[in-house]
């Protein structure tokens, strides 16, 4: 059946065009290619613009709106890990120098699968300063860093301050310097004096910036 149809088609092509089937289909393919090239020359430049605009509008309709930043206040490092992007219902947070920023709008970078996803849900100050992706550098501790690394960290902080909303701080145990205790003055002014008692006399040696004085008092 198929052979009979092909034979009939060959005879029709030869009868109407005088060409063999191979030549006929080759000429047909060339004509289509030439048509595509010529039609591209006369295409309106606004067609591509309109096409891109339609694609962009469709993409915006598919993406859910970014929620407004929510203040989380002072939280611990463990609590910050809940905002690493694994839960799409929660904001995407990241901290620099104990300051927490909402980076939800840059989920393509800091969300799961992004190039900086390792930093999400953490205070990765040291890793940002060193541009390191090692697990040991995912910490707020920047001790031992050089001036160039600290400058790089400062640049990151300025970028986050200008681009993202600050929503809280990280409470880290031991991150604050200890406050030196100040002793209260005593009411007895002779507390700082060194008193030495010898038979028949009492020697009181007062320490001061001035030359030391020795007071002798005979025992009554």
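Heads up, the Cβ atoms here are built off N, Cα and C, so glycines get one too.
The feature compositional bias 'Basic and acidic residues' is assigned by Swiss-Prot to 203-220. According to Swiss-Prot, the feature domain 'Cytochrome b5 heme-binding' maps to 74-171. According to Swiss-Prot, the region 'Steroid-binding' annotation covers 74-171. Marked as region 'Disordered' by Swiss-Prot: 174-220. Taken from Swiss-Prot, the feature transmembrane segment applies to 22-42.
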Open item on the list: Quick test of the contact rule: Cβ under 8 Å, at least six residues beyond the ends. What residues does that give for the transmembrane segment (22-42)?
Closed with: 13
Task: Secondary structure tally of the region 'Steroid-binding' (74-171) (DSSP, helix then strand then coil) - done: 43 helix, 19 strand, 36 coil
- [ ] Mind looking up the mean pLDDT for the domain 'Cytochrome b5 heme-binding' (74-171) in the predicted model?
- [x] 90
